[in-house]
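Undergrad: A single structure is presented below for examination.
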Amino acid sequence: MIHDLRAKNLILGYAGTDIVRDLDVVIPDGRITVIVGANACGKSTLLRGLARLLKPRGGEVLLDGTSVQDLRSIDVAKVLGLLPQSPVAPDGITVADLVGRGRYPHQGWFRQWSTEDERAVAEALEATGTADLADRNIAELSGGQRQRVWVAMALAQDTDLLLLDEPTTFLDINHQVELLDLLTDLNRESGKTIVIVLHDLNLACRYADHIIAMKQGAILAEGSPIDVIDAAVVTEVFGLECEVVPDPVSGTPMIVPRGRHHAARQRVTAAS
Amino acid sequence: MIDVVVSDRRTRRTRAGAVTGALALVAFALFILTMMVGSYYVPAWDVITSAFHLRDDPSVDFIVRDLRLPTATAALAVGFALGVSGLLFQKLLGNPLASPDFVGISSGASLFAVSAIILFGAGSTMISASALAGALISAILIYLLAWRDGISGYRFILIGIGLSEFMLSIIGYIVAHAELYEARQAMTWLVGTVGQAGSTELRTLLVALVVLVPAALVLQRPLRVLELGDDTAKALGARVEVSRLALIAVSIVLIGFATAVAGPIMFVALIAGPIAHRIVGHSGGGIIAAGLVGSIIVLGADLVAHHLLPVALPTGVITGIIGAPYLIWLLATVNREGRGG
């Protein structure tokens, strides 16, 4: 299925201040797009705007040519899913129950729970490796397991586009890689379009087909990480002096920060 | 693989069904028991045949239908309304402390009722109507004050508690300046007792239950995603503000009518939901179970208040004695986990 998600002259903000200003973006279909940028640059705001969680102050978000504001929220939710930064797990809920709630947009007042729902939930649990946790209480799980369960809930929603807001926060490096591998599997196997907001630039460069670097509510650079990410862009986006070398595993850009303290000493060690 | 999903769902449903059935039996047993005991003992079978009009026996009918049935029905209905109302609030605001008798709805009802008693010398129907109006007005006030690009649980609770204290202090002022007789009447009302219900108010509460409990069951569907946070609920396509407003309205009208009938019976709305949740298990929902637990608490408290103690006490005193330690326990444990107030 081919979908077209784009924003035109988009202005987004909260209570008085504009965060995203006059932004145009096209999300490449069937690819993994990663949005990076410094804190408060508007990347989460952009994601929320794209998912119809935030009403634009100006411009519009178009899903398959129609402004998302003109679509019913339930119809958007059948095509486009979003995993927010801090979802709330109700007290004492089991994994299967939580993942099952991702089926909400496919149910109605009269069509409550079908075998189709059961299949989608089972597949989501399987894909995220959480099937054997199905009857466990969410509160008993580790951070990494819990994050996979939330991804499972978003997968159960069964949408062609999936947006994730900093899904790797609170995860250790191993679980970060595991989660991004899982999202890549989903993209490769089912052709899902995935948009992720990430903090870790090195992982962003490795996993992104398309990277969007934002600064102060605008897009500074976008494209394939190899073409786009160099020392000048990183300095511009994050205000960080750094060197960019090829990642020894993937060959994608790898950012090595300079900092103020260690650069000289290491150079001496290398010389001797 | 699919079996795991099916079996987990089935286990949850079967348990919820069995537990709810058991709670209904307990509530029914207490309902009958309340009508058996008193200055004149009536056997269980006679209570059932008389209360449900299966047989006419003038001497029993007078005691059961005229004297005891209204109080028992009031206890059952008030408890049910308080239980459902509390559960909806707690789930909606994602906080076990968010019970409507805590966040100023009951104090609003009390303020209006006390004003009616003391300032206007109102009769029972007028007092009930004032209580209902007070519940609605204070709820609207809290909702408007807490509104900022939507409603957040914390802001609602904090503003509610603040407003509640404010209204309680006005109640204190009014009572302190009242004549002795009226002050006594107001204090009796403020403790809350199921025996004071008039038949008109009771009938209104029953109608409200018949309309609003099915509404609550229908709204359980959006409630299940609202519990996951506003962003998740919106991303899943729920109409967040509309559903939340409807749920708050159902909850407030229920507690308003319950308070109009029996006065502010404290703590029932606070403890019924968590108790139901604990025994029903992780099935989500549990609206009927919470209502039944509420009924059981009020029926039980009324039995203790009127028959087990040497001096008859208002129902609200007993629920307060049960509820206060629970509240302390809740504050102690909830804050340790970094949630709650």
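Backbone N, Cα and C atoms are what each Cβ position is placed from, and that goes for glycine too.
The structure displayed is predicted, hence computed values, not measured ones.
Below, the features straight out of TrEMBL:
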- B:21-42: transmembrane segment (TRANSMEM)
- B:69-89: transmembrane segment (TRANSMEM)
- B:101-120: transmembrane segment (TRANSMEM)
- B:126-146: transmembrane segment (TRANSMEM)
- B:153-176: transmembrane segment (TRANSMEM)
- B:245-273: transmembrane segment (TRANSMEM)
- B:279-299: transmembrane segment (TRANSMEM)
- B:311-332: transmembrane segment (TRANSMEM)
Undergrad: Tell me if the transmembrane segment (B:279-299) touches the transmembrane segment (B:21-42). I count contact as 3 or more CB pairs below 8 A, with pairs 6 or more residues apart.
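TA: The transmembrane segment (B:279-299) and the transmembrane segment (B:21-42): touching, yes.
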Undergrad: Counting Cβ pairs under 8 Å that sit 6 or more residues apart, are there three or more between the transmembrane segment (B:153-176) and the transmembrane segment (B:245-273)?
TA: no
Undergrad: Do at least three C-beta pairs under 8 angstroms join the transmembrane segment (B:69-89) to the transmembrane segment (B:126-146), pairs 6 or more apart in sequence?
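TA: Counting Cβ pairs under 8 Å (6 or more apart in sequence), the transmembrane segment (B:69-89) does not reach the transmembrane segment (B:126-146), since there are fewer than 3.
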Undergrad: Most CB pairs under 8 Å with the transmembrane segment (B:279-299): which of B:101-120, B:126-146, B:311-332?
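TA: Top-ranked stretch among B:101-120, B:126-146, B:311-332: B:311-332.
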Undergrad: So which residues does the transmembrane segment (B:101-120) touch in its own chain, when a touch means Cβ under 8 Å and the partner is 6 or more beyond its ends?
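TA: For the transmembrane segment (B:101-120), the far contacts come to 82, 86, 89, 126-128, 130-135, 137-139, 141-142, 156-157, 159-164, 167-168, 170-171, 174-175, 178-179, 182-183, 185-186, 189-190, 252, 255-256, 259-260, 263-264, 266-270.
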